[in-house]
Amino acid sequence: MSNISVIGTGSYVPNNIITNDFLSTIVDTSDEWIRTRTGILERRISKGENTIYMATESAKEAIKNANIEANDLDLIIVATLTPDNFMPSTACSVQKEIGAINALCFDISAACSGFIYGLEIACSMLKNSFRNKALIIGAENLSKIVDWEDRNTCVLFGDGAGAAILSKTKEEGILEFHSGSNGLKGEHLTCGVLKANNTPNKNDRLEKNNFIKMNGKEIFRFAVGAMNETICNIQEKTKWDLNEVKYIISHQANSRIIEYTAKKLNTEKDKFYMNLDKYGNTSAASIPIALDEMNKRGLLNKQDKIILVGFGGGLTFGGVAIVWSI
């Protein structure tokens, strides 16, 4: 049976930067309060770019990076909890924009774990069918579901999209997954139905029960436990020692979660790649944005061993072991 490898990455973030200092003018907070509790310095907020646009731009970059044509794609999966429409799906809209006429397209909703779930679904579909190449996108426009009057949540989130292209290959690539869900604790991170035009500068607000709501302490506890379980499970399946792993690319939610996880695993914090200081929490987009940033910076070399790990609303979690092949 063929192996599956990552052959290209791409990303898009809005140009509009919202700093901690700006947020301190609209809610009772400060740069020091946000920075010391989250590690976030700024985030990108959409000014007209919708989810489809950001997803499409990240897809175009990934296609170029993979040196393929859009009509080479057999599958497009978009992970998002902030679609522009219920139908057509974001994936079908991306298909239209990039001209991927041969692709099967659908969306999934698994919050911050969505990109990992998308990778696992795509790998299964590629291995068990005639399909050869898949585009997986994580894209979020979280600013439209953030309560800009709640200092505990509005400081955390940003907008953006990231993408990866998978292909059947003879090389060693994507090896093992570990994923799961715990709906019994779903009430700790929720969001209701979306409505348009919710920005930090406008009075057009969502109903309060339709914003992102989070029990921070419970999510912190869940995240550290899920990260530790996932990484240890992947180590067991692959027989990798953490010393062999070049990087762990986790969901970019909070620097403290990453620091606590590193301590539990008895490994250095620097093994965890972090860019949340620039982008905040972009949910399903955070891992592929980080992966593309690392690829562009030349931080990953062929045959490097990496682990991707995510956690989020649902509650959901998942991870994957990859031997880098670009």
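In case you wondered, yes, glycine gets a Cβ from its N, Cα and C as well.
If you check Swiss-Prot, you get these features:
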- CYS112: active site (ACT_SITE)
- HIS251: active site (ACT_SITE)
- 252-256: region 'ACP-binding' (REGION)
- ASN281: active site (ACT_SITE)
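Between the C-alpha atoms of HIS251 (active site) and CYS112 (active site), the distance comes to 7 Å. Here the Cα atom of ASN281 (active site) is found 9 Å from that of CYS112 (active site). Across the region 'ACP-binding' (252-256), mean pLDDT in this model comes to 96. Considering other CB atoms within 10 Å as the measure, the emptiest surroundings among the active-site residues CYS112, HIS251, ASN281 are those of ASN281.
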